[in-house]
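Heads up, the thing below is written out as structure tokens.
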Amino acid sequence: MMHRARKRFGQNFLQDSGVIYSIIALINPSTNMHVIEIGPGLGALTRPLLTNLEHLDLLEIDRDLVAYWIQENLSGLNVIEGDALTFDFLEWAKSRPENSGLCKVVGNLPYNISSPLLFHLVSAAHVIDEQVFMLQAEVVERMVSKAGGSEFSRLTVMMQARYDMELVLEVPPEAFDPKPKVNSAVVRMIPRKDFNLNSAQWAALEKVVAAAFSQRRKMLRTNLAAYSERLSLTESELKARAQDISVERYIEWAKTIAA
Ligand code: SAM
């Protein structure tokens, strides 16, 4: 099909068959899996996925591409026109047929919405088994970074509090048409088995992490001043910066604040 890539929808279509093969192998589709692909585009991932799945849901915002997939009328394919940022992934996950296998959300994501989308998906993390996404490499590096490094950020803490994550594959611009300006990477995200925050504790985590990172260069003595009575920060924590504190310590603080 003739389709001019739309910048505003972050359309960079995957061309490299080696990369496509690696992503499909990673998703490891099997007949009764419950899978939704965000942004199928022209189907680089969609078609190979469909050869191994009985059923595949597609979520696409571009009307022309939605029309294309509807007209293709492929067996097992369910096309949803919608915006991934507002789509109800919780409802979708709950709609899985009985006896279905793992529940997965996958996609080569539009880079302009990756961070809000990752946060949006957290609300369904308890019913999703795995997420496999292609993102801007810089974002994936932040997601998997360790405390102490300059990439360690609010996104790092919130994602590592909820998921075990792995950067699986780095992908150069040449793998796409049109070529993006940045490098890409594939990340696999599996909700943490030991996750035990209730919604008040999660909200507290969001707040304390946002406060800690509000001024990256300032010490926590300043950034967390509003919490100083409830959190007993050690002398070295008071002098530390937000990126020096471990994810597990932020989680402890969130539990204390919400108690
Ligand atoms: N999966 C295809 C591939 O690998 O070649 C296309 C990937 S392209 C980077 C991103 C896709 O996401 C496009 O099809 C685009 O129209 C779609 N998209 C952009 N914003 C979206 C949104 N908010 N919700 C759902 N799909 C979106």
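A Cβ is built for glycine as well, from the same backbone N, Cα and C atoms used for every other residue.
Just so you know, TrEMBL annotations never went through curation; they're auto-generated.
Per TrEMBL, S-adenosyl-L-methionine binding site is recorded for ASN12, LEU14, GLY39, GLU60, ASP83, ASN108. According to DSSP, GLY39 (S-adenosyl-L-methionine binding site) sits in a coil region rather than a helix or strand. All chains included, 23 other C-beta atoms sit within 10 angstroms of the C-beta of GLY39 (S-adenosyl-L-methionine binding site).
What TrEMBL lists as domain 'Ribosomal RNA adenine methylase transferase N-terminal' is 19-193.
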- Just how spread out is the S-adenosyl-L-methionine site if you go by the largest Cα to Cα distance in Å among ASN12, LEU14, GLY39, GLU60, ASP83, ASN108? 21
- Item | Local confidence of the domain 'Ribosomal RNA adenine methylase transferase N-terminal' (19-193) - pLDDT mean | 96
